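Right, one structure below, let's go through it.
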Amino acid sequence: MHGSTGDPGFRSTGGAVRAPARGGGGPSSGAGRTGGLPGLAPHKPAREVVTVVAEPGLVVEDAAETFCGAVIRADIREVVLEDAAGRRRLFPNKPAAFLHEGRPATLVPPQRAAAADKAPQRSASGSRRVDDVRAKTALPHRIWVEGLHDAEIVERVWGHDLRVEGVVVEPLHGADVLVEAAREFAPRPDRRLGVLVDHLVTGSKESRIADGLRRELGPAAAHVLVLGHPYIDIWEAVKPRAVGIEAWPTVPRGIDWKTGVCEALGWGDDRAGARRVLSSVSTWSDLETPLITAMEQLIDFVTVGP
């Protein structure tokens, strides 16, 4: 498995959390009623707000529908409109303050829109995004992570960067098999190996395994970099606010950490918890610094070298 090549990226994909369907419920009466309590008006969904560049001559109406005219001038603070009779009015330039073709609109000054177009786009990891570039053929180097959930979170944040660089990330399915798998991989200068492990702290099982790996590989250990984070599990490396909680629960010793977390938070089983955590991660800002630092160093190690 570890010596295989293929499309750079990951062997797994994550599922998205779906909200349960909501039924109308209750009796309905009268035209246009779709359900709910009798006597209550049906809920009206919020109208979509569009963003429009306030080019001179653009015809809009203020949201209160008191004045319709063409844009004469616009900046981040105010917009000047002129109607067909030549009358001019000044309006504060606030979100959804205007109507364009009948739809609520936020006006963006032309200068700001041009600057946004020129600004470099960023990937989820914060690096400059590279579009219209085919992923490289997979490099012989590898990055291993402990498990499937680790791989899914890494893919969510660093997937774009890894595909551009041609780096394959593979789940190791536990640190216990690291030494044997690394021996089989046979690292060398043109075949480097980066490993991300959970709970890499002094005295932990993972730190003992990492030390044993260096002894087992001898000189070849120079072509392996083992890094990690101090958290018990990759979930804990996701910031609590991103998941919508105040803090990760403390799980008593002897209880599987993921199982304890799901029980404490009412998340169901590990699979449901994994979907919830993964769907909470959008960019590097949703992750704790030790995980970000470790992954960036591992990517540098396998793409640039020691």
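Here the Cβ of each residue, glycine as well, is placed from N, Cα and C on the backbone.
Unlike curated records, TrEMBL annotations are generated automatically.
Noted in TrEMBL for the protein shown:
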type: REGION; residues: 1-43; note: region 'Disordered'
type: COMPBIAS; residues: 22-38; note: compositional bias 'Gly residues'
type: DOMAIN; residues: 52-110; note: domain 'DUF3097'
type: REGION; residues: 108-131; note: region 'Disordered'
type: DOMAIN; residues: 142-303; note: domain 'DUF3097'
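Mapped onto DSSP classes, the domain 'DUF3097' (52-110) shows 1 helix, 32 strand, 26 coil. Restricting the average to the domain 'DUF3097' (142-303) gives a pLDDT of 93.
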